[in-house]
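Undergrad: Found this in Swiss-Prot, in case it helps:
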{"type": "DOMAIN", "residues": "29-162", "note": "domain 'Ephrin RBD'"}
{"type": "CARBOHYD", "residues": "37", "note": "N-linked glycosylation site"}
{"type": "DISULFID", "residues": "62-102", "note": "disulfide bond"}
{"type": "DISULFID", "residues": "90-151", "note": "disulfide bond"}
{"type": "COMPBIAS", "residues": "184-198", "note": "compositional bias 'Basic and acidic residues'"}
{"type": "REGION", "residues": "184-205", "note": "region 'Disordered'"}
{"type": "LIPID", "residues": "204", "note": "GPI-anchor amidated serine"}
């Protein structure tokens, strides 16, 4: 009788361990890619905005060019985080501060990528903390070859918690890759890296799916050994 109860107990533990790894039961982070250049049609309309949740990521990709493109034809930007007035007038001097700098248009490792994590608290002195229900603004400006000032701006709204219930089963962009592929060292909680390849995402999902059967097999072997 004791052996039968042990088998039932081990079976319940095994079931809980396996199904607790199901993707549908996990709340994950989304990533939002923004290609920061004048040819992006979403910037041309002047109303580029995204809605995010706490712990989501914003990935800003800088302009990147082949070596054959001369320096004077490349785009370079300094991105600022500003208040609403700075966003409306595209002026970073009023309560704004520099966030990132796109200054390597010929980077050998591909386009520079700057990642912002929308988190409530940060352990870094140069990090930034975000609050649900508020808007945040990013801008950059440059003088074009025609002498006109080009202003690119982005509005980010952090949704309240009741609007952020999501699971991996209904969201596509959920793989968070903290690997730094480029040669820049982050000074805060901003990561600097080259554009990830599609293989990084697909292999990550494959490893996640294959780990569950292996875990089940391992637990089954342990339980059988204990019953002998």
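We count from 1, first residue shown onward.
Just so you know, glycine gets a Cβ as well, placed from its N, Cα and C.
Please situate the listed features within the shown structure.
TA: All chains included, 17 other C-beta atoms sit within 10 angstroms of the C-beta of residue 37 (N-linked glycosylation site). Under the DSSP three-state reduction, residue 37 (N-linked glycosylation site) is assigned to coil, being neither helix nor strand.
Within 10 Å of the C-beta of residue 62 (disulfide bond) there are 25 other C-beta atoms, taking all protein chains into account.
Residue 151 (disulfide bond) carries a strand DSSP state (E or B).
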Undergrad: Give the residue counts of the domain 'Ephrin RBD' (29-162) per reduced DSSP state, in the order helix, strand, coil.
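TA: Secondary-structure breakdown of the domain 'Ephrin RBD' (29-162): 15 helix, 50 strand, 69 coil.
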Undergrad: Provide the number of Cβ atoms within 10 Å of the Cβ of residue 151 (disulfide bond), excluding the reference atom itself.
TA: 15
Undergrad: On a count of neighbouring CB atoms within 10 A, which of the disulfide-bonded residues 90, 102 is highest?
TA: 102
Undergrad: Work out how many Å separate residue 102 (disulfide bond) and residue 37 (N-linked glycosylation site) at their Cα atoms, rounded off.
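TA: Taking the Cα atoms only, residue 102 (disulfide bond) lies 10 Å from residue 37 (N-linked glycosylation site).
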